[in-house]
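Written out below as structure tokens is the structure these notes cover.
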Amino acid sequence: MAMEDQSAARSIGKVSWFSDGKGYGFITPDDGGEELFVHQSSIVSDGFRSLTLGESVEYEIALGSDGKTKAIEVTAPGGGSLNKKENSSRGSGGNCFNCGEVGHMAKDCDGGSGGKSFGGGGGRRSGGEGECYMCGDVGHFARDCRQSGGGNSGGGGGGGRPCYSCGEVGHLAKDCRGGSGGNRYGGGGGRGSGGDGCYMCGGVGHFARDCRQNGGGNVGGGGSTCYTCGGVGHIAKVCTSKIPSGGGGGGRACYECGGTGHLARDCDRRGSGSSGGGGGSNKCFICGKEGHFARECTSVA
């Protein structure tokens, strides 16, 4: 069994960082030595085991089984127990996610999200943190990000997910100022070209419900075919061509008039028996003529 080589001498230092949520922190020795790792289980306390930033503590130095030094038997100066209260050490929900200090939350932090204590500066506290969805930096969540809609601030964020509208990083599609126009995304270029096409305009980078070219029809692209006019880039409910012109393109025949490009429920001639000659392929069961059905036939059987 691996044993820890403990030193009989006790040292004094100050807490440089501690996270209640993670259960560990670091102590800077007063003699200027290297920072020491301290685990929550090594704290001698009458209450909740925690340390406060800048707090003076007394401890022993031990060599762990991993070959690294750490602080154990951490007490108040003089060997007394650290009297920690549950509400005093975690009154604001533990350490701030931005700067690591206690007493406030990340959304109220004045330290920002720079690389000094929690950012992507390669320090000991950057490795385990997730990346902000807005700017790509570490040390805070997207809801606390101060670069919410910038676009320019997150461009080099590395690791930020691309905006669904413009393909850039640093913001979400709902906050995008680039819109879904053709100048940035409509041409199919950029990193979003492999996405599904908008059902309205055929472009990529946005959904039909967010499309700004609702009735366009001239954008083309890979959209689905309109049931009314046979064109692409929009759906039948927003089509401005109620009756197809020319060779209406492969639609089913309307049950009311026999024409193509629309359904019976949308037919402009619904219920009128005078609309013969619709070009339909169905014949009236009563008179044998095309253009109407038996229920609308005016001929006496």
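The backbone N, Cα and C atoms fix where each Cβ goes, glycine too.
Annotated features, as they stand in Swiss-Prot:
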type: MOD_RES; residues: Ala2; note: N-acetylalanine
type: DOMAIN; residues: 13-76; note: domain 'CSD'
type: ZN_FING; residues: 94-111; note: zinc finger
type: ZN_FING; residues: 130-147; note: zinc finger
type: ZN_FING; residues: 161-178; note: zinc finger
type: ZN_FING; residues: 196-213; note: zinc finger
type: ZN_FING; residues: 224-241; note: zinc finger
type: ZN_FING; residues: 252-269; note: zinc finger
type: ZN_FING; residues: 282-299; note: zinc finger
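Model confidence over the zinc finger (94-111) stands at 69, taken as the mean pLDDT rounded to a whole number.
Residues of the domain 'CSD' (13-76) grouped by DSSP class, helix first, strand second and coil last, total 3 helix, 34 strand, 27 coil.
Counting residues per DSSP class in helix, strand and coil order gives 3 helix, 2 strand, 13 coil for the zinc finger (282-299).
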